[in-house]
Amino acid sequence: MGTDTAQATARPVRTQQPGRLIVDWLTTTDHKKIGHLYLITSFAFFLIGGVMALVMRAELARPGMQIVDNNQFNQLFTLHGTIMLLLFATPTFAGFANEIMPLQIGSPDVAFPRLNMLSYWLFLFGGLIVLGSLAVPSGPAAFGWFAYAPLNSLERSPGIGADMWIMGLALAGFGTILGSVNFLTTIIGMRAPGMTMFRMPIFTWNTLFTSILVLMAFPVLAAALLVLEADRRFGSQVFDAANGGALLWQHLFWFFGHPEVYIIALPFFGIITEIIPVFSRKPIFGYLTLIGATAAITGLSVVVWAHHMFATGAVLLPFFSFMSFLIAVPTGVKFFNWTGTMLKGSLSFETPMLWATGFLVSFLFGGLTGVILASPPLDFHVTDSYFVVAHFHYVVFGTVVFATFGGFYFWWPKFTGKMLDERLGKIHFWTLFVGFHTTFLVQHWLGAEGMPRRYADYLAADGFTALNTLSTIGAFLLGMSTLPFLYNVWKTARYGRKVEVDDPWGFGRSLEWTTSCPPPRHNFVTLPRVRSESPAFDLHHPAHAGEAPQPEPKHEQADREPS
């Protein structure tokens, strides 16, 4: 037996053929590879949606129709909004959750690896169906990403492109629902010994709350989409305007739509919360209040949907206005936590910290204009104007894109075993930051001056030309900022040095920084003891470990008592 074992271990390791590599990735159930697939696919959708935005901005730079006609413009903003929210932002959450969450709780994988794989394929093919509507003769859907009735009816949107939009989103939505079931089960049932709920990293907490929100919001969207398809193809009349169907659609859609904004915000808040303590050299300020604020946002986000419907005159304005003001309070608490962590910290502005700081500035602007829009008298004046477009992009782009790039630069060594180039990262950040604010800051003024959203053209006499031209210049700078990032990824993959340590930043706090870069197939060779919410810091800096230790659970104490 000893000889056989020696011979077995002496066999040379076979290099994997390209064909086998492709099959391995297509059939993988490894949460890290599935996370890679989510992030790569969603970033590809981000690039496609960005090109659509640049075409629209090029059209709006000057009065008159230059590039696209009215219907093509409608198709562009419909697909742009759909792609960015449902095919980029939402699956990017799933990508980061797959990559990082099992590592942070000390789990070898997610609870249902095959369901995880199915979730990705549902998202991919749902997204391809939506994008495939570009190839049909009648063109893609042109009714806006919230598909208001009666515009979404067969009479007003007769092409097959609208049906592909509906069924593609339903399919991708089922993938999101199944993925959230997986994340919830993993967090509740697969934590490492010692990893109590109140020792979990904030990103994992936010993944938990986001998954709960998905299970409340996405089934409503899926049901509404399937009923809409029944209206279009089987003659049911649920969303018929004569039966009040137009308002019914708005209620159903926004009951999904507003939680969706927090579905694509909370996990990215979590990413920022992971980055700031590492580059402040301090534990997160107010760990418990951060969790409480996230719980409050989760609860409040399902009772504010009708602030999107103030202009209908058919909703209770005082209630929805008050609840919309109220949701700003826990968000403000988070800001105190983030700035409190940075205060008196030993700050260093490596690229991930730059993105986190850029997020704080951008999201603060978006939050302040959100408080303005929560007031019905003010909302009546700027609803469906570029003021709303600017607010929405400050909130969503300011959160999702800044935090996504921050997460990429922060966890890239954990994903790939190589560090992205810092100089290129800083060029990337500053070009994107300047381009973003140049694009969207002026749109607040355009909206206040009365420029409606979703118009393909305007008159020179309207006085919108100068600000639109400036916004378009900013948009192209914003688009160009992606080039240094893509070059950085290529350069790092080709020439980057291998990371030899578990924690290349030196001050990582959560459990993913206690395993190799990249981790082995089942994540950990050995698990360190978890005695606080910063197990990696405790392991690598034992002199400072447990400066504010939490009491250990009774069952752990009992396990160590001599029998």
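Heads up, the Cβ atoms here are built off N, Cα and C, so glycines get one too.
Segment annotation: Swiss-Prot labels region 'Disordered' over residues 536-563 (candidates 508-535, 536-563).
Within 8 Å of the Cβ centroid of the Cu cation site, not counting the listed residues His258, Tyr262, His307, His308, the chain contributes Trp254, Gly257, Pro259, Val261, Ser301, Val304, Trp305, Ser324. Tertiary proximity for the transmembrane segment (470-490) is limited to same-chain residues at least six positions away from its ends with a CB under 8 Å from its CB atoms, namely 47, 50-51, 53-54, 57-58, 60-61, 405, 408, 420-421, 424-425, 427-428, 431-432, 434-440, 442-443, 446.
Taking every listed stretch (76-96, 164-184, 252-272, 309-329, 392-412) in turn, the largest tally of C-beta pairs under 8 A with the transmembrane segment (427-447) is reached by 392-412. Taking CA atoms as the reference points, His391 (heme a3 binding site) and His308 (Cu cation binding site) are 13 Å apart.
Away from its own ends, the transmembrane segment (353-373) comes close to residues 268, 272, 275-276, 279, 307, 324-325, 328, 331-332, 335, 338-339, 347, 379, 382, 387-388, 390-399, 402-403, 405-406, 409, 425-426, 429, 433, 436-437, 441, 444 of its chain (Cβ-Cβ under 8 Å, at least six residues beyond either end).
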